[in-house]
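*Asks:* Have a look at this one.
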Amino acid sequence: MSSVKIECVASEGYRIGESPVWDEKESALLYVDITGRKVCRWSSLTKQVQTVSVDAPVSSVALRKSGGYVVTLGTRFAALKWNEQLVTTITHVDKDKPNNRFNDGKVDPAGRYFAGTMAEEIRPAVLERRQGSLYSLLSDLSVVKHFDQVDISNGLDWSLDHKTFFYIDSLSYSVDAFDYDLQTGKIGNRRSIYKLEKEESIPDGMCIDTEGKLWVACYDGGRVIRLDPETGKRLQTVKLPVDKTTSCCFGGKDYSEMYVTSATDGMDKEWLSRQPQAGGIFKITGLEVKGVPPYPFAG
């Protein structure tokens, strides 16, 4: 795999870049800066970044069938009209936990927006344990809670046949699978399919490719790894020039490019001087595999 090429397409030094999503209509990459409280859009045509500032940590963004986007903001699901820079709250979760915020989120093949919560961090990956839950926002704008006792709700995706839901609770250092019922959105039979090696560090965001293999960004591991969920084997490692790789998605005209977000939070001056591209957005080409287009929220 000597043809793999990595380039930094947006070197804005985001505090916690996260939740990359390809917006085909705009030929652009959507993503967020959680602690920077910004929703961002990098155009592959102009190479420019546009941003919308918001009033709370914003942890994920998704396409919306009826137009615009949906985001997880603080402990709210919210709608975002990009051109008007207008954010409206859809609903609140974790009202009894003022120290919580949402983390990663993604839309399932039926149009439900899954997203989980966590306690606000004292410093990166240090927080009050088991305060989070996993939720889904349905097309009628009601919310289902799937389970609680989550440390850091993170990467999520679905198998190509939609019968398995993959999920990461970061501090378990595990990629887990659940049986999935696409009709009802119910999940069950949780099991671990991959435990991270020490040098891979903390599993963060995740996406699936058209061969049904998972790609996991390793926070503090400076890499994305490709896993076979059937065998539990690691198939490939792609190292990046920054340690704090946070999430990944496929995009570009034919979904053959991978985009990886990264963070600077918790890095001191000396560390940042060694990694000038920290907090940047990276494009990886030459992986010889394609990704699955994102699903829009149905509501």
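Each residue, glycine too, has its Cβ placed from N, Cα and C.
A quick note: this is a predicted structure, and the numbers were derived from the prediction, not measured.
Features from TrEMBL:
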ACT_SITE  D204  active site, proton donor/acceptor
BINDING   E18, N154, D204  divalent metal cation binding site
BINDING   R101, N103, E121  substrate binding site
DOMAIN    16-264  domain 'SMP-30/Gluconolactonase/LRE-like region'
*Asks:* If you average the pLDDT over the domain 'SMP-30/Gluconolactonase/LRE-like region' (16-264), what number do you get?
*Replies:* 97
*Asks:* Please work out the number of neighbouring Cβ atoms within 10 Å of the Cβ of E18 (divalent metal cation binding site), leaving out its own Cβ.
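*Replies:* Step by step: centre on the Cβ of E18 (divalent metal cation binding site), count other Cβ atoms within 10 Å, giving 27.
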*Asks:* Among the recorded positions listed here (E121, D204), identify the one with the smallest other-Cβ count within 10 Å.
*Replies:* E121
*Asks:* Near the Cβ of N154 (divalent metal cation binding site), how many other Cβ atoms are there if near means within 10 Å?
*Replies:* 29
*Asks:* Anything within 10 Å of D204 (active site, proton donor/acceptor)? Look among the binding-site residues R101, E121, N154, comparing CA atoms, and list what you find.
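*Replies:* Matched binding-site residues: N154, sequence order.
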*Asks:* Tally every other Cβ atom lying within 10 Å of the Cβ atom of R101 (substrate binding site).
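*Replies:* The answer is 23 other Cβ atoms.
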*Asks:* Between C-alpha atoms, which of these binding-site residues comes nearest to E18 (divalent metal cation binding site): R101, N103, E121?
*Replies:* N103
*Asks:* Considering Cα atoms only, can you say which of R101, N103, E121 is the nearest neighbour of N154 (divalent metal cation binding site) among these binding-site residues?
*Replies:* N103
*Asks:* Using a Cβ cut-off under 8 Å and a sequence separation of 6 or more, which residues in the same chain sit near N103 (substrate binding site)?
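*Replies:* Those within reach of N103 (substrate binding site), by Cβ under 8 Å and sequence separation of 6 or more, are I34, S59, S60, T72, A115, G116, T117, M118, G132, I152, S153, N154.
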